[in-house]
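Here's the structure we're looking at; comments come further down.
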Amino acid sequence: MAAKKLLILPGDGIGVEVMAQVRRIIDWMGRKRKIEFEITEGLLGGAAYDVHGTPYPAETLEAALAADAVLLGAVGGPKWDDLPFDKKPERGLLGIRKDMGLFANLRPATVLEALADASTLKAEVVSGLDIMILRELTGGLYFGQPRGIDTLPDGTRKGYNTLVYTTPEIQRIGRVAFDLARKRNKKLCSVDKANVLECTVLWREEMIKLQKEEFPDVELTHMYVDNAAMQLVRNPKQFDVMVTENMFGDILSDCAAMLTGSLGMLPSASLGEADAQGKRKALYEPVHGSAPDIAGKDMANPLATIMSFAMCLRYSFDMAAEADLIETAVKNVLKGGLRTADIMQPGKAKVSTTVMGEAVVRELDKLNA
């Protein structure tokens, strides 16, 4: 079996220390499951700017395109707040997503039994929650042209962005969403604002057409984005798979993230088009940011990044058994009462980033025995 090519981009802030714990899991997979990984490490975001004067060096893109999958820690921080817009760390992340053709962002929002009380909502509202939010990643309001800030003849200024989608862009994200729904519970909710925005009228029309022509076995419903935000808080378990536009998905997935109690628990995957062999370019990253306030203090929760690697095994390497093993190990560690600061509960044991990573490795040993 050929070695799996992984590009690791620790990034900024806590990205470095949480990625160190993922390296433990990767090493364990090599030793105990005999999976060979060929690992390259690169720079992205503020760390790249400090070395190269750009948040997105050419060699990082080259390495990403050569890899089977990319693992990212986090980018950004106040250190780089005053940089020009095109030099900010976040431009590196947007750039690599665009150049890798990563159009489908998968954001699971799952409430583990041990953490049902950690949510800000009542346990009975979120217990057993398992939602997959699919966000279109390379079109919509974040990338549409024209965009900019202009100074008008009278001296006032005008800022503008454009919401644009084409039929092929909608169809490709739709197919990923319907396929995910088909593999889960055959329920898909498409979120738009078709009562106001013509672009999302087209979105809704294309989703309906796709369902009729290619996915008649999947139940398709539609919801306006403002109602979807309300329903995620009111009755989140009504949803299974949700699909939506770039900005809507950015907002709704963060809303859904807090149903689980902590951003430190949530992984994500960004996928590109399937090639002739069915393989996709892919980038995996935790939902949380770089958390500069706790960076370097061994306090960060590494579980979202570890679970992102589990998603990598599942979606890029077709290793569902190994992905399940990691997810079960994480569940068991939490059942055992270990908590990082962000998910700390009364009566539980508060541990560091390093100790949490070590605990997951020990649990993997038990499960693999």
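A Cβ is built for glycine as well, from the same backbone N, Cα and C atoms used for every other residue.
The NAD(+) binding site annotation in Swiss-Prot covers 77-90, 289-301 and is backed by sequence analysis. According to Swiss-Prot, the substrate binding site annotation covers Arg97, Arg107, Arg135, Asp226. Sequence annotations record features per position, and here Swiss-Prot assigns site 'Important for catalysis' to Tyr142, Lys193 based on sequence analysis. The Mg(2+) binding site annotation in Swiss-Prot covers Asp226, Asp250, Asp254 and is backed by sequence analysis.
Structure coloured by features recorded in Swiss-Prot.
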residue: Gly77; record: NAD(+) binding site; contacts (Cβ under 8 Å, 6+ apart): Asp12, Gly13, Gly46, Pro89, Ser290, Pro292, Ala295
residue: Asp81; record: NAD(+) binding site; contacts (Cβ under 8 Å, 6+ apart): Lys88
residue: Phe85; record: NAD(+) binding site; contacts (Cβ under 8 Å, 6+ apart): Arg91
residue: Arg107; record: substrate binding site; contacts (Cβ under 8 Å, 6+ apart): Met132, Ile133, Leu134, Arg135, Gly249, Ser253, Ala256, Ala257, Leu266, Ser268, Val287
residue: Tyr142; record: site 'Important for catalysis'; contacts (Cβ under 8 Å, 6+ apart): Leu94, Asn161, Asn246, Met247, Asp250
residue: Asp226; record: substrate binding site; contacts (Cβ under 8 Å, 6+ apart): Lys193
residue: Asp254; record: Mg(2+) binding site; contacts (Cβ under 8 Å, 6+ apart): Leu263, Val287
residue: Ala291; record: NAD(+) binding site; contacts (Cβ under 8 Å, 6+ apart): Gly13, Ile14, Ala74, Ala300
residue: Met299; record: NAD(+) binding site; contacts (Cβ under 8 Å, 6+ apart): Thr340, Ala341, Ser352, Thr353
For this session: Mind telling me which of the recorded positions Arg97, Arg135, Lys193 has the densest Cβ neighbourhood, counting other Cβ atoms within 10 Å?
Result: Arg135
Problem set entry | Cβ neighbours of Asp250 (Mg(2+) binding site) where a neighbour is any other Cβ within 10 Å | 18
